[in-house]
């Protein structure tokens, strides 16, 4: 299991995850969820991010008594990947303990994810491990991104 401060495992070949590689991405999101620090909401979330180079970076939500200073799992995984020099992403899996509904990223996370393109897969899971997959573009349609700044 990857822990904060360690280098990620090179476990998934470039491209979209399939078969065992997809199961690894999903598992890493569940493992990250177990590291969540969420004493206020008691709503643990984990995320696992697949880079274009095949590396996986995980993140978990980290709450703070000053609520606005908390960090979502998705943004944590992205920031961890960026801090290691990665800015091209292929997929992200998100895990929670929600029973009947699929976990979805909040609006702030969707916008941060959008900074790095719209054509990547987001695996939304339920507590039992079932999942659906959406393109980021589906989760944030008609979005604003870096290329829009060049239209001025």
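Cβ atoms are placed via backbone N, Cα and C, with glycine included.
All TrEMBL annotations are machine predictions without curation.
As written in TrEMBL, here are the features:
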ACT_SITE  74  active site, proton donor
BINDING   61, 62, 63, 64, 65, 66, 67  substrate binding site
BINDING   72, 106, 109  Zn(2+) binding site
DOMAIN    20-147  domain 'CMP/dCMP-type deaminase'
REGION    1-20  region 'Disordered'
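Helix first, then strand, then coil: DSSP counts for the domain 'CMP/dCMP-type deaminase' (20-147) stand at 42 helix, 34 strand, 52 coil. The Cβ centroid of 72, 106, 109 marks the Zn(2+) site; residues of that chain outside this set whose Cβ lies within 8 Å of it are 73, 74, 75, 105, 107, 108, 110, 112, given in sequence order. In this structure, the CA atom of residue 63 (substrate binding site) is 8 Å away from the CA atom of residue 72 (Zn(2+) binding site). Those same-chain residues not listed among 61, 62, 63, 64, 65, 66, 67 yet with C-beta within 8 angstroms of the centroid of the substrate site C-beta atoms are 37, 40, 69, 70, 71. By neighbour count, meaning other C-beta atoms within 10 Å, the densest spot among the binding-site residues 65, 106, 109 is 109.
Separating the Cα atoms of residue 74 (active site, proton donor) and residue 109 (Zn(2+) binding site) is a whole-number distance of 6 Å.
Ranking the binding-site residues 61, 62, 65, 66, 67 by Cα distance from residue 106 (Zn(2+) binding site) puts 61 first.
Between the C-alpha atoms of residue 61 (substrate binding site) and residue 109 (Zn(2+) binding site), the distance comes to 12 Å. On the backbone, the CA of residue 62 (substrate binding site) and the CA of residue 72 (Zn(2+) binding site) stand 7 Å apart. It is 64, among the binding-site residues 61, 64, whose Cβ has the fewest other Cβ atoms within 10 Å in the structure shown. The separation of residue 72 (Zn(2+) binding site) from residue 66 (substrate binding site), Cα to Cα, is 14 Å. Cβ packing within 10 Å was compared across the binding-site residues 62, 66, 72, and the lowest neighbour count falls to 66. Rounded to the nearest whole angstrom, the C-alpha distance between residue 64 (substrate binding site) and residue 72 (Zn(2+) binding site) is 11. Packing around residue 63 (substrate binding site) is summarised by its Cβ count: 18 other Cβ atoms lie within 10 angstroms of its Cβ, all protein chains included.
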